[in-house]
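Asks: This structure is in structure tokens; I'll ask about it shortly.
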Amino acid sequence: MALQLWALTLLGLLGAGASLRPRKLDFFRSEKELNHLAVDEASGVVYLGAVNALYQLDAKLQLEQQVATGPALDNKKCTPPIEASQCHEAEMTDNVNQLLLLDPPRKRLVECGSLFKGICALRALSNISLRLFYEDGSGEKSFVASNDEGVATVGLVSSTGPGGDRVLFVGKGNGPHDNGIIVSTRLLDRTDSREAFEAYTDHATYKAGYLSTNTQQFVAAFEDGPYVFFVFNQQDKHPARNRTLLARMCREDPNYYSYLEMDLQCRDPDIHAAAFGTCLAASVAAPGSGRVLYAVFSRDSRSSGGPGAGLCLFPLDKVHAKMEANRNACYTGTREARDIFYKPFHGDIQCGGHAPGSSKSFPCGSEHLPYPLGSRDGLRGTAVLQRGGLNLTAVTVAAENNHTVAFLGTSDGRILKVYLTPDGTSSEYDSILVEINKRVKRDLVLSGDLGSLYAMTQDKVFRLPVQECLSYPTCTQCRDSQDPYCGWCVVEGRCTRKAECPRAEEASHWLWSRSKSCVAVTSAQPQNMSRRAQGEVQLTVSPLPALSEEDELLCLFGESPPHPARVEGEAVICNSPSSIPVTPPGQDHVAVTIQLLLRRGNIFLTSYQYPFYDCRQAMSLEENLPCISCVSNRWTCQWDLRYHECREASPNPEDGIVRAHMEDSCPQFLGPSPLVIPMNHETDVNFQGKNLDTVKGSSLHVGSDLLKFMEPVTMQESGTFAFRTPKLSHDANETLPLHLYVKSYGKNIDSKLHVTLYNCSFGRSDCSLCRAANPDYRCAWCGGQSRCVYEALCNTTSECPPPVITRIQPETGPLGGGIRITILGSNLGVQAGDIQRISVAGRNCSFQPERYSVSTRIVCVIEAAETPFTGGVEVDVFGKLGRSPPNVQFTFQQPKPLSVEPQQGPQAGGTTLTIHGTHLDTGSQEDVRVTLNGVPCKVTKFGAQLQCVTGPQATRGQMLLEVSYGGSPVPNPGIFFTYRENPVLRAFEPLRSFASGGRSINVTGQGFSLIQRFAMVVIAEPLQSWQPPREAESLQPMTVVGTDYVFHNDTKVVFLSPAVPEEPEAYNLTVLIEMDGHRALLRTEAGAFEYVPDPTFENFTGGVKKQVNKLIHARGTNLNKAMTLQEAEAFVGAERCTMKTLTETDLYCEPPEVQPPPKRRQKRDTTHNLPEFIVKFGSREWVLGRVEYDTRVSDVPLSLILPLVIVPMVVVIAVSVYCYWRKSQQAEREYEKIKSQLEGLEESVRDRCKKEFTDLMIEMEDQTNDVHEAGIPVLDYKTYTDRVFFLPSKDGDKDVMITGKLDIPEPRRPVVEQALYQFSNLLNSKSFLINFIHTLENQREFSARAKVYFASLLTVALHGKLEYYTDIMHTLFLELLEQYVVAKNPKLMLRRSETVVERMLSNWMSICLYQYLKDSAGEPLYKLFKAIKHQVEKGPVDAVQKKAKYTLNDTGLLGDDVEYAPLTVSVIVQDEGVDAIPVKVLNCDTISQVKEKIIDQVYRGQPCSCWPRPDSVVLEWRPGSTAQILSDLDLTSQREGRWKRVNTLMHYNVRDGATLILSKVGVSQQPEDSQQDLPGERHALLEEENRVWHLVRPTDEVDEGKSKRGSVKEKERTKAITEIYLTRLLSVKGTLQQFVDNFFQSVLAPGHAVPPAVKYFFDFLDEQAEKHNIQDEDTIHIWKTNSLPLRFWVNILKNPHFIFDVHVHEVVDASLSVIAQTFMDACTRTEHKLSRDSPSNKLLYAKEISTYKKMVEDYYKGIRQMVQVSDQDMNTHLAEISRAHTDSLNTLVALHQLYQYTQKYYDEIINALEEDPAAQKMQLAFRLQQIAAALENKVTDL
């Protein structure tokens, strides 16, 4: 029976080892990116939606069906079906799966893709290749999902009610090319009137309003009872914030009356941390009494609390209660509720005023109640789980036995298993790595039986078990797993789920892992037992499972046979064993394992270690103390005095027994005196004894087994004992402790005689050391013997001799002193107090008593000396003087550092500096301290040169290097070290390496030239969830530092990847680049650097590959996972095998033509003389076998194959063929040469565009960050209107409307202001104003410029009543239209601004579109402007000719190759106290250009209008000790005849890294030559005798003499050469294309919100066309184009400074003009036929113009289809503008300026008013005369 049990135990251990092996997860890999996952609960089939594919897998992820869904011909702007003839922009487009849902009742699958505006299809669940429904020609009504890959779509298949229609509820964000529908309900079955996927009813959609600027990202959709819910994030722009919203609506509500949304917020338990912001995933489950919404939220690094994620819970009963409370508050609450409530997707809500109980009476809302409804008063939850530094990306929840388990996906590729406790806390109990550093996608789905979990990464889906209970072989491991699924099934002896344990419901039969402990023995009675006794052991077991009559327990004691146990309550009674193991040596007991087993199945229950003691062994545990050792242990042993033995206690003890724990009753000897005994001297030792009755009269002996002596003991009369020691000797130590034994007749009597033997001579070589010995030792210095001995061994003692100095350290010191001197020698005193004076080289040296060593060492601190000096050392020790010999001298000298190298390094430190100088080896290394601006530089090498490693600095710049010795700084000639910006890592490739390493990793960035030491470092931390495949082997954390780099320059470093452990997936690997003191993560936006397991290769069959003359084929797995064809190497013997193909499983290479010799030749075995085939990937090599060439030759002689008759014929044919081939080859080479040149040109342009665009996007990230931080510099309303209305006037920014200054004498000001207010009232009379305008327009001298200015004045004057202004404009416009219609030229209307009303329209549009510019269109316009500016300034710009290398304008193109180099200069702004600022410039920039770039960078956080002018600042360069002011022109300027070249940085030889100082100085303080400004602004320089140039001289003036003599042909050649540079236009255009497209889309995309003014005016134009029977679409198109795009957008595009606080340079303006012209061309319907003679600007955008034209057409069409804006809505909108901005305008000044026109045409106006009947009735002429009298201070005739 025992053997059976041990076999079972062994099998259990083997099972345990097997279970520790890592479970290989089932997975499926897709060739394309995966998007969605769904699982059929009934069949277990898994469905995957991917890019261009659908997959149908079985439950174990084996492929059953695969269907291709793309790519297909499509364009987001085109309406399906797509025809290439109709959609010219169509191209092959990927189909991203946007929606994948199951409809099990109808056995069908719903799938929607991003192709064709997001249309959907129905497929059969049993076979996805069978498509049940698909229609791409139904138009907008069938557009369901988003066609933007970045906009999420969620959905839910359900029914409208019991027995109702099957419908699809859809939520999606509003993408740039979407139809604007946010939420919709779609049919899934055809009806008589509707197709599948059409809206359920006409009202079953919600569409974003035309003014909506919010964007949504939907996260989840679910249903609860009669309701459907959506979870989504919304990015609000006013105010800018991110919100997570929960929306609810009734399933049976076809009109969306019940739609209600409210905020969800997930708070951090830390009240100081910011709330979590964006919801990343959500799931609903019912763990207990009710359903709960589980949602994971993220928080970015900019928030307080740092980056991280949290899990929040929202019980749905609380959600419903809150939503009902919100509905009731809106329906029946006060009007003030509108602050809490709003109308989703734009609009206002009218709450309040409804009967109490409306919410209950109409649970799904009603038409008469407010809808849709949004509430800012939402639900808040506190995170039950937080994780810092990573995002939780997926969540799903399961319930097991009323316990809630959450499975969470992470951004680094793990699945976290979390137990959610009932009290609202959480506990993470497991973490499974599915794919390292791969984001787990949102679809995390449980199988139908809830036994498996499906998780999805980018291209893989995994099946994970929800629990692994059976992998825990013992109850302890099961309990320690803390897995809520698991518990210990007692009757089966294994870890199981509760449902798998047959008697789980019985008491203590299933022990849950998180609450109950394992079955254990808590106590035993008796607690121990003698090995010589027999009896019963009663074990208390808890928890003891309830046992039935059939259950029988067995006891198994050690190796004894098992026997039945008795069970009494919780006690189990076992019999003691018949045989007990031998007691181990040195112990007094042996522990025997008691095992309790269940007989049925021999199931192990628990075990207990039971001790059996042995008293005979107990007496020998303590040396020389047999009795005390016996009775003092924990057992019940007793000492028998008669027999001198230890035995078990008896119930009735006899006399002569020392009982247990009565050790004081033992006979014993103690108290020796003396306690110390000198060596080599006989010593009398006395000691005492007690309890000696049993040894009286016996012979006693004392001795030691260690020193092998035994002496007799004599008893003194006083009752004490004595013995005399022999001369004992032991030279190994100074002292030797002895425990002496006492024996009586050979038996040990307990002895506590502990003495110490000591040796005076040991370690005391001189007198001072001897005197310093312990006084108890009584050591004395014996002069005659010159040694230290016991005092009794020396006849005469002598005093100590004088001190002896043998050496000093160090031998040199600085003049400043302060360093420690160590004096070594002998007889240097007995104690620190003996040292009375120390002198070093004649200078006092302060004694350091704490560092003193008796007799051998004195340490002191030297004081300063005035001059260098060398001298000896003197020490006064207790009145005795010791001097150093002549060869021991100390020198004072002055160390002097002279230079340091290198002179710059990274801000993070770690640079090794070498300091050169004289006497730097003064003192010792510990005396030297090097600092840089107070930060220590750790000294690592001391000698003639010092080396130290810099520490990190808080700031960058030049730091003074200071060296001090002994705390005193030494003279410094001004040695500086410059801290530069830490190196920046921008990219790296390749992205991964095999674990064996050795792959070349190219890291690119900036600033690498500063670095001395590079290393690629890998930090490997074992994953907790990983279990090693070998038992007894655990994974240890480690740090792997790679070998040095193999190449580096300033922008590139090449490493060889270091080797990491063989199983990289078992570790969390962090890869760093170590650059001196700076560490940077090897990670970019594309992801982190990865390690993958090494590939595996199959060895050649039989070890030899034969007949390999052409190709060698090797097989393996994962061959190309981290290796490319170019990197892989293969060898045949010693020669290379040329790589041809490398795939995941195959490698092909071409061997050398002749079989090479093997690398390692074997002598005997001919097989081994064949060359080896070696594959080398990085650092690792695989020898796959040997190769044998095919060396067979033909058996037929060559003379028979080629007889002599055939040879001449062959020669003739060959010559003919050769001649023909030669001709063909020559023609082919010419063709290939031309083709190669064309391809090279095309490739160079493409590469340049790609590189420039990449660089621009990187640079623009900083600009975008500035935009996000400081906002777009939009001008305030007044400045905007001033610039739009009046900046183009003749006075420009000096115009009185901009300055606001009225030249009116103060005494007259009140009268004038009162009169102007009356004039304002007069202007508010429509009759007066119409007459006024007509009269002015009839005046011949009233020019077009005057009309424009007059209209702008009128706009400001009437701004307070914009609805009245609009009415006037409306009236005048109708008159204008009538004129053009009568003249039969309606197309010409609005072409120019030749009338007052046309300018009024321009101003009206400018006013109404200000807010739209500020909120929407401004950002892409500003980014376009900044992108052009950055691109232009990236290359040379000729400051004189205003031409640039990078431009869109061919006339502004710099037609020459100018050599230039980018520089980064450090700029210090004087008197502003800021750190040096790095600024990027070009060495060919003029000083004014440099100033502008510096000002642009330094003051980037301030408005441009607050920047200093370039001519108001001075730029100073300090290359050394001198300073030089930089200016455009000075005495050093280069002259060539009459030409003078503008100075550049190259002229001054300013280099990269130079420091420039910018200071604001008055003109009078500037040197005369520095007061010059840009050449274009100096009139004197434009004179004939003083011409200036910058980069290129004008081609017609380079050399007039040559020009006159040159031929026409030479001039043509010059022009042709200039045309070569036109390719730059393509490069710049390609770089800026994305920004141009973004601007056009923001202005013309119909999906964007359209300002109401545009809709209102376009409808007005449509009405007028219809009224006048104008059916020509071209005419209406021209009207709309002339009224908005050309009248407003072109003006803003060409003049960004009208809306932004920016300065527009001429070269930027030139490129803006080209884009503006393209915009104008896009708005015309006429086709432009292009030819070679077409302007370059037209040719540049010839490809895109058709797209832009289509955008304009769609824009006009989309506006026409929008909901009409009523007059009332428009007037309300205008009134809001008036109310918000009128007070800021110079209305009074405008009235005054308007009156000037009245004054000028006074008589004509009076006559017109008197002739008009309406004006006569209102006495308008009289009122004007009164105003004139007041304003002109004259008496009228009235």
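Numbers here mean position along the shown chain, with the first residue as 1.
Using the three backbone atoms N, Cα and C, a Cβ is placed for every residue, glycine included.
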Asks: Out of ASN402, ASN1449, which residue gets the N-linked glycosylation site annotation in Swiss-Prot?
Replies: ASN402
Asks: Looking at Swiss-Prot, which one of CYS266, CYS279, CYS351 makes a disulfide with CYS312?
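Replies: Of the listed candidates, Swiss-Prot names CYS266 as the partner.
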Asks: Specify the secondary structure state of ASN1099 (N-linked glycosylation site) as given by DSSP, simplified to three classes.
Replies: coil
Asks: If you average the pLDDT over the domain 'IPT/TIG 1' (803-893), what number do you get?
Replies: 92
Asks: Do you know offhand how many angstrom separate ASN127 (N-linked glycosylation site) and ASN391 (N-linked glycosylation site) by C-alpha?
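Replies: About 37 Å separates the two Cα atoms.
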Asks: Fewest other CB within 10 angstroms, which one of the glycosylation sites ASN242, ASN391, ASN1049?
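Replies: Least crowded of the glycosylation sites ASN242, ASN391, ASN1049, by Cβ count within 10 Å, is ASN1049.
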Asks: Please name which of the glycosylation sites listed here, ASN391, ASN795, ASN844, ASN1002, ASN1068, is nearest in space to ASN242 (N-linked glycosylation site), Cα against Cα.
Replies: ASN391
Asks: Count, for each of the glycosylation sites ASN795, ASN1068, the other C-beta atoms lying within 10 angstroms of its own C-beta, and report the residue with the smallest count.
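Replies: Lowest Cβ count within 10 Å among the glycosylation sites (ASN795, ASN1068) is ASN795.
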Asks: Do me a favour and check the Cα-Cα span between ASN1002 (N-linked glycosylation site) and ASN1049 (N-linked glycosylation site); whole Å is fine.
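Replies: So the Cα of ASN1049 (N-linked glycosylation site) lies 11 Å away from that of ASN1002 (N-linked glycosylation site).
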Asks: For ASN1068 (N-linked glycosylation site), identify the closest of the glycosylation sites ASN402, ASN733, ASN795, ASN844, judging by Cα separation.
Replies: ASN402
Asks: Near the Cβ of ASN844 (N-linked glycosylation site), how many other Cβ atoms are there if near means within 10 Å?
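Replies: The answer is 14.
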Asks: For the domain 'IPT/TIG 1' (803-893), how many residues does DSSP put in helix, in strand and in coil?
Replies: 6 helix, 50 strand, 35 coil
Asks: Specify the secondary structure state of ASN1002 (N-linked glycosylation site) as given by DSSP, simplified to three classes.
Replies: strand
Asks: List, in sequence order, the same-chain residues at least six positions removed whose CB sits under 8 Å from that of ASN733 (N-linked glycosylation site)?
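Replies: Those within reach of ASN733 (N-linked glycosylation site), by Cβ under 8 Å and sequence separation of 6 or more, are ASN759, PHE762.
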Asks: List only the single closest residue to ASN1099 (N-linked glycosylation site), chosen from the glycosylation sites ASN391, ASN402, ASN795, ASN844 by CA-CA distance.
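Replies: Minimum Cα distance from ASN1099 (N-linked glycosylation site) across ASN391, ASN402, ASN795, ASN844 lands on ASN391.
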Asks: List only the single closest residue to ASN795 (N-linked glycosylation site), chosen from the glycosylation sites ASN391, ASN402, ASN844, ASN1049 by CA-CA distance.
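Replies: If we rank ASN391, ASN402, ASN844, ASN1049 by Cα distance to ASN795 (N-linked glycosylation site), first place goes to ASN844.
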Asks: What is the number of residues in the domain 'IPT/TIG 2' (895-980) that are helix, strand and coil, as DSSP sees it?
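Replies: The breakdown for the domain 'IPT/TIG 2' (895-980) reads 3 helix, 48 strand, 35 coil.
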Asks: Of the glycosylation sites ASN391, ASN402, ASN844, which one has its Cα closest to the Cα of ASN1049 (N-linked glycosylation site)?
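Replies: Given the candidates ASN391, ASN402, ASN844, the nearest one is ASN391.
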